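Comments concern the structure below.
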Amino acid sequence: MPCSPARVCPRQRERLCWQNAVNDKVVALPDRWSGWLLIVFAFTAWNWTGFANFALLLLTLRCIREWRANQWSLPSIPGLWLLLLVFSVTTVLALRTSWQFPATTGAQLAAIWRWDAPFLFIIIAWRLRVFPQLIPQLLLAALLGLTLGVLRKFDVAQFSAIVHGQRYDSGTAVLGLSFLASIALLGLFWYREQLLALTRWRRINQLIWGLLTLIFIAFLLIAQARGATLGLVIVGLSLMLTKMRSHSIAAWRRPILLLVLLTTSLLWLSRERITNDWNALELTIASIPVSYETSLGARLNLYRVGFIAFTAHPLIGWGPGSSTTKMLVPMHLLPLPIADMEQAPAFAHLHSIPLELLVRFGAIGVIIALLLSLLLLRAWLHLHASDSQLSTFLIACIILTCWFGVYDFRLLNLDLRFFLILFLGIIYSFHSRQRDEHCHFN
């Protein structure tokens, strides 16, 4: 017989007590473990990626158990709604394209996770709402982990070739490395005063700061990363102007000098590539077909091919796993000149995040991007109200990310994926914390 509400049978009472004990144990799991997992993720994101994936998995399981304990109050977690929406859209579009082009089934199904993974920033945000004091440690761990990871991959045997101007990527893609190096330099400049006061031995702090700065400047020079350097110089100088209101220009003399030396050295090292790109731009303006042999010429051609692919399926796109250069062009699905049919497949992608988003998701991708922007904007406003220095740095990182996305597509790669999970998670954590303060959720 069922137990009456006024009286609970011993067996049911025992079961309820056990469930409550389990839930209490889950919620009362030592917070230091979650904090350590965050640190491990930040430190290994660009170093030992297996540890980063494992830490992210444990954090995800922890969040799921908390959400279950709170009966999945999704209205309090709009970021989770967005994650579920993206998963649903990518799954439906992947299945649709797989049915239409069975040979692409493997690529379509694999793309579901790769497109959804950056939205796991909700996991980092959910944990940081409890540990906002860990944000500086996370940024420092990410900086040190990136430095160690790149140095571990450096091939000393190629040092002589690098000295003679060879472009080297330290074991990863050139553009991905240069983007991360520009973010690291931006953080070193922006938090220079805090880093120089990190320990009581100021001379040691200055030595470490200078060494890290020189390492990342060397990254940009070795990679001959003109796009990343241009973004760093523009955004970096803009940030310095905002600080000059309260500091004299002499305080920023060294960072400005370093940026000038970096720009001058890079222009000298890549002078031949700059000349070739300028010639390609002149041909484009004169409506003359451009060769794929230069970096700018290849991008201009790929952008044109991508626009043709988008106009063919403007509403729902070609599918999340549909690479324009590796699938659409070789399968002769686009009306392209012979030169594009022959040379475009040599490239892995269209070298543009917005264009890839339009080609693969169409107008639906634009809607998702707008929803993400609104979600992050609201969180950033909360962040700006509580920590203007951190909010300014993070918005500068987002601007650099948008600039990077214009000329390269690494959204599906681990380096940019982990960057977005970490940095967007930091921003969105202030939205989650604001919800907690008003609703006392969890």
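Using N, Cα and C of the backbone, Cβ positions are placed for all residues, glycine too.
Annotated features, as they stand in TrEMBL:
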{"type": "DOMAIN", "residues": "212-369", "note": "domain 'O-antigen ligase-related'"}
{"type": "TRANSMEM", "residues": "35-59", "note": "transmembrane segment"}
{"type": "TRANSMEM", "residues": "79-99", "note": "transmembrane segment"}
{"type": "TRANSMEM", "residues": "111-128", "note": "transmembrane segment"}
{"type": "TRANSMEM", "residues": "134-151", "note": "transmembrane segment"}
{"type": "TRANSMEM", "residues": "172-191", "note": "transmembrane segment"}
{"type": "TRANSMEM", "residues": "211-239", "note": "transmembrane segment"}
{"type": "TRANSMEM", "residues": "251-269", "note": "transmembrane segment"}
{"type": "TRANSMEM", "residues": "357-377", "note": "transmembrane segment"}
{"type": "TRANSMEM", "residues": "389-406", "note": "transmembrane segment"}
{"type": "TRANSMEM", "residues": "412-430", "note": "transmembrane segment"}
Most Cβ pairs under 8 Å with the transmembrane segment (172-191), selected from 35-59, 111-128, 134-151, 389-406:
389-406
For the transmembrane segment (357-377), the candidate among 79-99, 111-128, 134-151 having the most Cβ pairs under 8 Å is 79-99
Would you mind listing the long-range same-chain contacts of the transmembrane segment (111-128), meaning Cβ under 8 Å and 6+ residues beyond its ends?
34, 37-38, 41, 56, 59-60, 62-63, 66, 77, 79-80, 82-83, 86-87, 90-91, 94, 134-135, 138, 319-321, 360, 372, 379, 411-412, 416-417, 420-429, 431-433
Take the transmembrane segment (35-59) and find every residue of the same chain, 6 or more past its ends, with a Cβ under 8 Å from one of its Cβ atoms.
120, 123-124, 127-128, 131, 134, 137-139, 141-142, 144-146, 148-150, 152, 180, 414-415, 418-419, 421-422
Outside the transmembrane segment (412-430), six or more residues from its ends: residues with CB under 8 Å to it
41-42, 45-46, 49, 52, 56, 79, 111, 114-115, 117-118, 120-129, 132, 135, 138, 142, 172-173, 176-177, 179-180, 183, 375-376, 379-380, 382-383, 386, 390, 394, 397-398, 401
Per the Cβ filter (under 8 Å) with a sequence gap of at least 6 from its ends, the transmembrane segment (79-99) is approached by 67, 105, 108-109, 111-112, 115-116, 119-122, 125, 316-322, 360-361, 364, 368, 371-372, 375, 428, 431-432
How does the model score the domain 'O-antigen ligase-related' (212-369) in terms of mean pLDDT?
82
